[in-house]
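Noted in TrEMBL for the protein shown:
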- 109: active site (ACT_SITE)
- 294: active site (ACT_SITE)
- 93-400: domain 'Peptidase A1' (DOMAIN)
- 1-19: signal peptide (SIGNAL)
């Protein structure tokens, strides 16, 4: 845990950054806050099922027959409609990023380690409404000869391409020689999400997919510039949020920060999660799966028995085979819910659990089961109620309830 003196020092840095113009040169021992915006249409009937299918595919969880059907239907509907309106059920927190002086919109993802972007090597039909990075228009871009990258998901979807080095600027911090992965092939799932031009992976660099040699993440690249080797995540229930690199903001949370050990060798921000809480009752999760703190996942995916225990306390809740997840009457009273991260209990108020509407009377829960997979994914539903600090040097998290 950081000392009071350190917190006050970092808070002063945080305040000075907000009051100062955004620098255009590499920072030295500084901090910066980068704001993100959220895209989601909660009234769209497929918002919940699609968010769940996306998370399952990302971690190669087995889809139910209904989830697979929904995913296939969505893909078919997206084919040939690249230039249509943005995907109505997108649920990412997105932000502008400068690569070689070109602005693109990207998703900050603590569940992956690649910085990849749509590129002009893709066909115009594939690019559609996406922003696409053009290496020919960057005077600082250098091809990394022989390097390639590839990500793939359980349904065969994914993206792949070539690699180069360029200047990447996010909110004032500049990585002058950052590996940028250029997409030369992308699946329809990425094409349909026209709000998003790529990902900024913020997991550990040993998870990076570049071959023949893994590359460092943006966070690892800029870490020596930062006042502290951390970034703090502050996501909100509305359309905004922020990532603060190099500092924490003590005005954002209550009480003391709890330090949470991370199993960094997995490449993820992976923690033990031995218990959960429904209302005021704490329950030991026998045979608990480890959990990943993932800002790139919208939902809170827990062991199946944990989800069943929670929804047994919600009147009218069912594991709905029509949508492949737990739903309940929108007027139902939802108890608070918590998941442990080490010794810290990350609480989510009942008012923050509904993710989206399936129809006028039925809601889709932000808490869902993992289908028996041996991994839990703590996504944005958890982050919106908890202030979480990612410590790259000490390989740990710190967390506290948000104000």
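Including glycine, each Cβ sits where the backbone N, Cα and C put it.
TrEMBL: automatically predicted annotations, no manual curation.
Within 10 Å of the C-beta of residue 109 (active site) there are 22 other C-beta atoms, taking all protein chains into account.
DSSP classifies residue 109 (active site) as strand under the three-state reduction. Sequence-distant neighbours of residue 294 (active site) (same chain, 6+ residues apart, CB-CB distance under 8 A): 109, 110, 111, 268, 269, 377, 378, 379.
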